[in-house]
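What follows is a set of notes on a single structure, which appears directly below.
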């Protein structure tokens, strides 16, 4: 949402005071300085500053506007953070390969104008996979309408890949030798189709991806073709031998496709088999991907990129079933990041199965039993581990809990008095609108053409049934079925109303304060949680200091494109959009209502910022249709593996925060994303 940066006395990032670019010790005088509100009382001063900035740019370019539906203010522990594990891959070379097999230089650590504008290779990969997931969910929706859920899951992934090939949205359509830009060792794919759409491995079924004779011209004219570029180790051949760094790979062909892994005829030295043999002769390495069983993936497997391997030897022999097979010995090239396959393969094993297995446990359940699934808090950073006072019930309970856990008890000024709040609570001077009329559907909404709620969403449901309900794509606003609708809680158009369904953990980080992660795999489009707190009028929090958890509800501004908001899918009906004309008094940059999670809220308040987030914010309406009071929901933007930190973009525009003197305030960003903007504001 539109930023309201109300900084408090503890508003510090990575040891830096919010008002200073220099690092100062916590006990220094500047530690007590506070950020002031971005909305100055004198609006004329803000206008003059905007004009001045435009003059300085010569009017040649516009400032980047804040993204739609972004969080207001960053806390001392949530404002700047890192959610990416930076694997600094070393460059290396291979004999006879006249191309760079290492990754491109990482410019994310070099603050420059270029890094603020150009998309990194990692961002391009992420964008392509998000596009694939959107196509996939659209096809799932079509198949659910046509032939039911089971068939939808089987056909949608292949249809999505075909669609992207048809409209030329494949990221790297031409085959490449060596690493693919933006895909690090350890990257996980949740289907073979995902590998196809980014140009990592171009075959839907074949284990060996290779260049044919068409590549014999140009930069590859010195090579003998066919030439293999990537293989998939998925355990489907009985003669394979995988020792991680040293692999004996069975060629393709002669395989029983029923799934029993047995050979039924001899293999022939052609196509992929010949391509791997040519890799031996010419010293060309191949990308190796391993597939593991996974309940999370719709294809039943998760595929992990484990780096480049050199094909050092090949031979033919009689296999286990008595048929001739070609075998290839591959050795992993040195100088690459540590092999992650074992970690990925046993990711679920690393997730605690009971309270006794949780390392650094400082609180069994920060919700105090309000949620169906407990949310533990862990601290492996402080020694001894400390528990911030989250007031599960009251001060005494918090103190007793610390005594029971034998850990120190203290209050943090940014969190003192905090109580867990499962749902939004309105302030005394905020009157909630009456319930809106509902649809006449019975049991569950099925036909989007007859459901009145569906008509408000542009004649279709925004969700699919897959995985308990997933949002197909971000929209300006979503209209869900409400209390006066005839359908029940199982209706797909109530997806965001079902509460938490994943196992979350709040954990302490070395530099970012408290953060949130999931113990479960989260598919793209899945609802994470609502941003809860006290519903207040924005004017009532402008003068409040020491509160870093104010979240503007800017649904109207987003739908009308006010204040530079980024427009989304225009899903709302024409009558609903026209009805917003009555909000003529809405300021360009000041929403009328906000959510104050300073003293009461849920896990959303602990979710950190990232310039390359894996969540996005979505406005939702269900009990009423007043867009100024829409619910604020967080959804998964990507497929999120277990134990990856959850983040979203707080959405500040650079130079958008002014001090009382009218000067622009700046805060460095240390999120570590490939496309980090280097400054939070």
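Backbone N, Cα and C atoms are what each Cβ position is placed from, and that goes for glycine too.
All TrEMBL annotations are machine predictions without curation.
Look at TrEMBL and you will find 1-44 (among others) tagged as region 'Disordered'.
Under the heading compositional bias 'Low complexity', TrEMBL lists 20-30 (among others).
Among the features that TrEMBL reports, region 'Disordered' is placed at 56-93 (among others).
Residues or ranges marked as compositional bias 'Low complexity' in TrEMBL: 67-88 (among others).
What TrEMBL lists as domain 'YDG' is 178-332. Averaged across the domain 'YDG' (178-332), pLDDT for the predicted model comes to 90.
For 437-499, the entry in TrEMBL reads domain 'Pre-SET'.
Feature annotation from TrEMBL assigns domain 'SET' to 502-651.
Here TrEMBL flags 665-681 as domain 'Post-SET'.
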Across the domain 'Pre-SET' (437-499), DSSP yields 14 helix, 9 strand, 40 coil
How does the domain 'Post-SET' (665-681) divide up by DSSP, counting helix, then strand, then coil residues?
0 helix, 2 strand, 15 coil
